[in-house]
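What TrEMBL annotates here:
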DOMAIN    13-389  domain 'Serine hydroxymethyltransferase-like'
BINDING   126, 130, 131, 132, 250  (6S)-5,6,7,8-tetrahydrofolate binding site
SITE      234  site 'Plays an important role in substrate specificity'
MOD_RES   235  N6-(pyridoxal phosphate)lysine
Ligand SMILES: *Cc1c(COP(=O)(O)O)cnc(C)c1O
């Protein structure tokens with residue numbers, strides 16, 4: 001191919017490093033051949049991958065556009081400005097920092113911008129759907145700050161807003177954080193805003209999981225309520241691995257300084273260019289349709305799984321993710337995860353609220369529908385997928401019969417995904433297009 005673009009070049013990788021080339025092909029096959037239901041994963045577009053595999057990976061650009069510590073930034077400045085402008089338009093944000101290397105880096109910077117060591121910080125408990133960076137003892141957030149975890153209600157499994165208010169009044173945290181990794185319902189930002197205002201706290205929404213659904217207007221935006229919103233760009237937003245921070249103008253300086261120079265060095269300009277591509281894609285009607293379909297898929301899948309005897313935590317979902325309590329099936333989440341993986345169905349074990357089982361073998365699983373929505377699946381296909389999951393969960397791995405059942409399911413999974421392949425063979429991007 002005679003193109004001015006020095007981009008993804010499969011032949012040269014295959015020649016230079018056949019070992020890595022083989023691994024890449026193996027992973028591509030794994031992605032194509034399985035049902036990808038890990039709630040934090042997705043399939044990026046060829047355009048995003050092209051930007052990631054570009055020469056922007058070479059550039060040192062510490063600082064911000066127009067204020068860099070290195071020369072030669074005229075093109076990467078344009079990429080970063082475009083990424084930030086597109087994100088501002090997409091989300092209606094006053095200020096966006098697109099340099100965060102990941103969701104966790106965005107969160108580290110946000111703590112740094114608003115809190116001092118040992119300050120109390122309130123967030124949803126990890127065991128009730130929060131994230132490691134929301135005050136876990138094994139993470140900087142729990143070590144350097146004083147976590148005040150709030151939980152969900154036992155009866156509804158929804159955030160206990162009364163407890164949030166009581167804890168806020170008692171501890172007067174600097175930051176109130178909401179959002180999580182395994183909370184399937186909409187968050188009432190209005191109540192959080194009221195509580196934050198009452199004690200003069202910063203309201204921070206960690207939208208890492210669901211920012212793509214916000215971009216596609218499939219769920220309400222936290223922007224009108226939050227002082228600051230952090231997100232990943234690679235989950236439902238379907239861009240490159242990375243993070244971002246959106247905030248009001250009054251906090252722009254504090255956020256920018258907390259990212260660079262406080263917690264990061266040179267930004268990953270190839271990733272920022274890829275974020276710009278993803279933001280452009282996310283502004284399209286096609287993306288909005290994907291976001292809505294992702295949500296309907298999750299509702300339909302949760303329902304299908306309930307019909308097989310599992311219990312949907314909170315009774316269902318409003319987003320892309322559902323947590324299922326497997327107690328009625330007598331199988332723990334870890335066994336379910338392993339059995340499903342053996343049948344090429346990728347999902348994760350997950351604790352349920354007030355779980356009585358240990359974290360390594362929790363009572364539940366978590367499924368997400370963003371990736372399968374990207375490859376084209378719709379709610380009408382969730383019954384079949386639900387039945388495949390349920391069969392795998394109850395198939396005893398290790399026994400001859402169980403292994404045969406799992407092999408059968410794997411074959412059917414192969415059929416299901418072959419109808420709507422991710423990274424279809426023959427697409428221009430595909431390294432094995434010519435094979
Ligand atoms: C995924 C996630 C993060 C961390 O993102 P990484 O890119 O994995 O560091 C932070 N917060 C929440 C709520 C998440 O779901």
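Glycine is no exception: its Cβ is also placed from the backbone N, Cα and C atoms.
Structural mapping of features recorded in TrEMBL.
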{"residue": "126", "record": "(6S)-5,6,7,8-tetrahydrofolate binding site", "DSSP (3 states)": "helix"}
{"residue": "131", "record": "(6S)-5,6,7,8-tetrahydrofolate binding site", "DSSP (3 states)": "coil"}
{"residue": "234", "record": "site 'Plays an important role in substrate specificity'", "DSSP (3 states)": "coil"}
{"residue": "250", "record": "(6S)-5,6,7,8-tetrahydrofolate binding site", "DSSP (3 states)": "helix"}
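Filtering 126, 131, 132, 234, 250 by Cβ distance to ligand 1 (under 6 A) retains the following recorded positions: 131.
There are 25 other CB atoms within 10 A of the CB of residue 130 ((6S)-5,6,7,8-tetrahydrofolate binding site), with all protein chains counted. Every protein chain considered, the tally of other Cβ atoms within 10 Å of the Cβ of residue 250 ((6S)-5,6,7,8-tetrahydrofolate binding site) stands at 10. Residue 131 ((6S)-5,6,7,8-tetrahydrofolate binding site) is surrounded by 24 other CB atoms, counting those within 10 A of its CB over all protein chains shown. Looking at residue 131 ((6S)-5,6,7,8-tetrahydrofolate binding site) and the residue listed as 'N6-(pyridoxal phosphate)lysine', their Cα atoms lie 14 Å from each other. Looking only at other Cβ atoms within 10 Å, the busiest spot among the recorded positions 234, 235 turns out to be 235.
On a Cα basis, residue 234 (site 'Plays an important role in substrate specificity') lies 18 Å away from residue 130 ((6S)-5,6,7,8-tetrahydrofolate binding site). When the alpha carbons of residue 250 ((6S)-5,6,7,8-tetrahydrofolate binding site) and residue 234 (site 'Plays an important role in substrate specificity') are compared, the span between them is 27 angstrom. Taking Cβ-Cβ distances under 8 Å and a sequence separation of 6 or more, the neighbours of residue 132 ((6S)-5,6,7,8-tetrahydrofolate binding site) in its chain are 104, 126, 138, 139, 141. For residue 126 ((6S)-5,6,7,8-tetrahydrofolate binding site), the number of other Cβ atoms no farther than 10 Å from its own Cβ, over all displayed protein chains, is 24.
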